[in-house]
Structure formats: C-alpha cells, structure tokens
Amino acid sequence: MTNFEKIIAQNRIKTNAVLATYCVIFAFIGLLVDVIRINANDLGIALFKLMTFQIFPTITMIMFLVAFVVIVVCIQNFSSIMLSGDGYKLIDTSKVLSSKENQIHRLLLELLEEANLHFEPKLYIINAPYMNAFASGWNESNSLIALTSALIERLDRDELKAVIAHELSHIRHNDIRLTMCVGILSNIMLLVANFSVYFFMGNRKNSGANLARMILWVLQIILPFLTLLLQMYLSRTREYMADSGAAFLMHDNKPMIRALQKISNDYTNNDYKEIDKNSTRSAAYLFNAEMFSTHPSIKNRIQSLRKRVI
C-alpha cells in the first residue's frame, strides 16, 4: 500500500467514525426525549428498556430517520449547496473556451496524467472578488473543483496548478465526505437538540424525566463547542495532507507556498465577510480567515510545506 493509499484509508476510517459519533449523539438525544416522553422515574432503567425495545423508542427512531434522510439528501445535493449564492460557470470543453478556461482545463489534465488518475472532476469558475477554491462531491465520479475568478486572475501558472493539485488531493483522500458530514450534520444535530429542549419538556415531575431534561439542557450548551472541536480536528489534519499532496504532485513545494501567501495577503488587505456567507462552503475552502477556523494557520501550513522533502 502506497503512502497516499494509507492516507485515503485513514480518512475513510475518520469519516466512518464521524458518522458513528453523530449517530450515537442523535440516538442519545432521542433516548433522553423518550425518557421525558414516558415520564420515567428511573433514568437508567428507562434507558435500558428503551435500548432493548421493551419500550419502543419513538423519538429515537425518528432521530435516526432524520439523520438518514439528511445524509441521503446531502449526498444528492451537496454540489449545488456548495455552488449556491454566487454566479458560477461550468468549464464545458464541448464549447468554445476562453484562454483562461483553456489554461485551467489543461492544468487539470496535466495533473491527472502525471498522477495516473482515471477520473476528471468538473471545473467551475465562481464570479467572486476574493481568492479561494474548493472541491466537492461524495466520490470521484461526481467530484468538482471550483476556483474564484479573482484567484485565476492573480495567480501565475504554477501557483494555479498547485491550487488545483491541492483540491485534487482532497478528492483523492475522500476529504469531501468529512466536510459534508461534519459541516451539515453539525447544524442538524444542534437543531435537534434545541428542538428537543423547547418542544418535548412538558410538566414532568418524576426524577428520571427531570434528570433527562437537565442533561438535554447541558447538551444544548456544550454541543456547539463539541462540533467545533470535531471540525477543527478533522479539517486541520486534511488541510496539511492536501498541501503535502499538492507538493507531491507538483514535485515542488514553492508554488503552493506562494499561492497560500498571496491568498492570505488578499484576505488581510480586504474584508470579505459580508460577501460570502455560505458556511458550508467556507469549511471546504482552501483558505478560511475566521479566528476559529477549521483550517490551520497559513504560517503553520507553510512551515509544514517547507519540511516536505520533494
């Protein structure tokens, strides 16, 4: 097994772990609401009976159904969600392309040939004044890479190729699944927790139901921090891997370093917070300027790249 195959395998394990974690949290929230619903006197006994189906866990089953439906819907529509909010154009090779569009497509084909990859992501240009890029798609067959028009205009050929190589590495490592699962399911989970607290309380007097209510209140407070930590752990790891993947494909770490520096300087000199408010897409961007970003700092990414022996 090659180094990149190991990375892909590790990311698959992480993806499954993330999905399992969310399913467990969904189930736990559902079980707590079921305890309140049946007005249980003993929390432990009630949880055992619900988990062994001695009492049917109605709310828990609804939670699992919601989780399943959300995942399926997101798989089918994730690319359109990522592209929403801005004017974007597909680089369609069956039509006449501009010189810049031709250049981007040629760079992608070069990388695919050099890496011996047998799939071709769709290429999109997003009409935006900020410099950024992202990849999307559940797997290689429905993948895409999107670059902003500002990025295309301000980077040189090698820097553009390095950015495309970075996004291509995300696709190779199955990182997009992590972005999808963590970004969207985090929001759904928080909504479920809030919904449970405000709509399933009722006037319960038994101790088990009251304890379940207290746990739900605590979860409502800590879940935002838990999901943020989970996003940061997974996303920062995959950004380092994608940077290394770009350097590996380019046989040179300098173009990726220059691209990161230019993008970082662009965000330092301009305020783009009010322009792009797609939170799902921001988690997948090559660069994220927020203080509590899921991405590692540019300084740390450049230091990591400089340690990369080509």
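Backbone N, Cα and C define each Cβ position, glycine as well.
As annotated by Swiss-Prot, active site applies to E167, with the evidence given as sequence analysis. Under the three-state DSSP scheme, E167 (active site) falls in the helix class.
Listed in sequence order, the residues of the same chain lying 6 or more apart from E239 (Zn(2+) binding site) and placing their CB within less than 8 Å of its CB are H295, P296, R301. Sequence annotations record features per position, and here Swiss-Prot assigns Zn(2+) binding site to H166, H170, E239 based on sequence analysis.
Taken from Swiss-Prot, the feature transmembrane segment covers 16-36 (among others), and the record attributes it to sequence analysis. Only residues 6 or more beyond the boundaries of the transmembrane segment (16-36), in the same chain, are considered here, and those with a CB under 8 A from a CB of the stretch are 43, 46-47, 50-51, 55, 57-64, 66-67, 71, 178, 181-182, 185, 189, 192-193, 196, 200-202, 204, 208-209, 212-213, 215-216, 219, 223, 230, 234.
Residues or ranges marked as transmembrane segment by Swiss-Prot: 55-75 (among others).
According to Swiss-Prot, the feature transmembrane segment maps to 182-202 (among others), an assignment based on sequence analysis.
Tertiary neighbourhood of the transmembrane segment (214-234): same-chain residues 14, 18, 21, 25, 29, 32-33, 36, 178, 182-183, 186, 189-190, 193-194, 196-197, 283, 292-294, selected by CB-CB distance under 8 Å and a gap of 6+ residues from either end. The transmembrane segment annotation in Swiss-Prot covers 214-234 (among others) and is backed by sequence analysis.
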E239 (Zn(2+) binding site): secondary structure state under DSSP, collapsed to three categories:
helix
